[in-house]
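Per Swiss-Prot, the feature signal peptide maps to 1-22. The topological domain 'Extracellular' annotation in Swiss-Prot covers 23-132, 182-191, 451-460 and rests on similarity to another entry. What Swiss-Prot lists as N-linked glycosylation site is 40, 88, and the listing cites sequence analysis. Among the features that Swiss-Prot reports, transmembrane segment is placed at 133-153, 161-181, 192-212, 366-386, 389-409, 430-450, with the record citing sequence analysis. Taken from Swiss-Prot, the feature topological domain 'Cytoplasmic' applies to 154-160, 213-365, 410-429. The motif 'XEXPHE-motif' feature in Swiss-Prot is assigned to 343-348.
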């Protein structure tokens, strides 16, 4: 509203407020106001609200500090009526208009309806690079978990642990996409645009279908003997058979097996889990399969190189998402890092096993898995540079789409695939179902809480 119009409005209301003192012009001015904004020379609460809006009682920067005013809050017309002892049904006449006029003037002059501007400063360059580098380093340590967890693969409880982490990855990736990355790509703010409830409904639609589908399958499935189930062509995913470990050419009378699973067969187990079985007199001899040499690169299956390259691209995009998120706010960078970390734990373990089955030694698998993970640092640098110099919305959109694909098209079928050989009856099936629910709901709740309380959490 133009300043002249605001001043005119203040003078008009001031003159109207003097109606009780100067009956002549004051009463005339009051009647002018009431005739324009009211009906039958009286004002209702709704008409007073319209008057306040027309006169410029809108938001403005520069709110007085608390304690300077008796009423330092934004007052609605109903609240003004209540403060002066009027009910909402009261009709303000000329005689009563002067009573509420000071309140109207106060609201017009100090503009308490304006929320205090929150200075949303971006993190400093040192904070962005420091927290980003720390997050990527912690995530990359997941690529080394294969060596630690390989001995646990044959434990009876390991499938349950892995199922929980896969469910956790699905929940965090999916929630991070719909709560933060995709809304941020469109420029939405959870405190202003109120999209969180709708995002919860999106997750709710996905979860309800998952819940009822699994319940129906458990109720209708016929559990046969020896752990096999029969439900038509009910397969949770494509049938995959574990290939036998590849035996590499004999070197100096020794045969090297890349897959550590064969260490049970009367061979010697080295630190790198490579079994060396003597084919002559059982005497252990030095093997060229130790250290990082292992089998020749030409003898390693093509699938190993495909996994390594695709994983490097995947980690590069992960780094982009972390870098761009950290430039926006450290909390959003933390949320994105948590989602990626939960996904990397089972993902890197699966890649590690695939590399072993493709013919790599354990140390070779660790080396190439770690090298592909290091591409996350390159992505982090690009993400920070783009986020500091350009709007990172495109990166958020790209990462959001990638997170949706990984969670729904990649890890969700993998989570169901894991049950095919492990389910031996309805009780076991229900146990895995509850573990899946626990993982997904834990990831969903964590990202939801971070989104809801992002304004109250400060990372110093």
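Placement of Cβ uses the backbone N, Cα and C atoms for every residue, glycine included.
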Which stretch from 192-212, 366-386, 389-409 shares the most C-beta pairs under 8 Å with the transmembrane segment (430-450)?
192-212
If you run the three-state DSSP split on residue 40 (N-linked glycosylation site), which class comes out?
coil
Below 8 angstroms Cβ to Cβ, which residues of this chain, lying six or more residues outside the topological domain 'Cytoplasmic' (154-160), approach it?
418, 422, 431-432, 435
For the topological domain 'Cytoplasmic' (154-160), residues assigned helix / strand / coil by DSSP:
3 helix, 0 strand, 4 coil
Taking a Cβ cut-off under 8 Å, which residues six or more beyond the ends of the topological domain 'Extracellular' (182-191) line up next to it in the same chain?
199, 328, 332, 393-394, 396-397, 400, 451-452, 454-455
Considering every residue in the topological domain 'Extracellular' (451-460), what is the mean pLDDT value?
64
Need the DSSP three-state call for residue 88 (N-linked glycosylation site) to compare against my parser.
coil
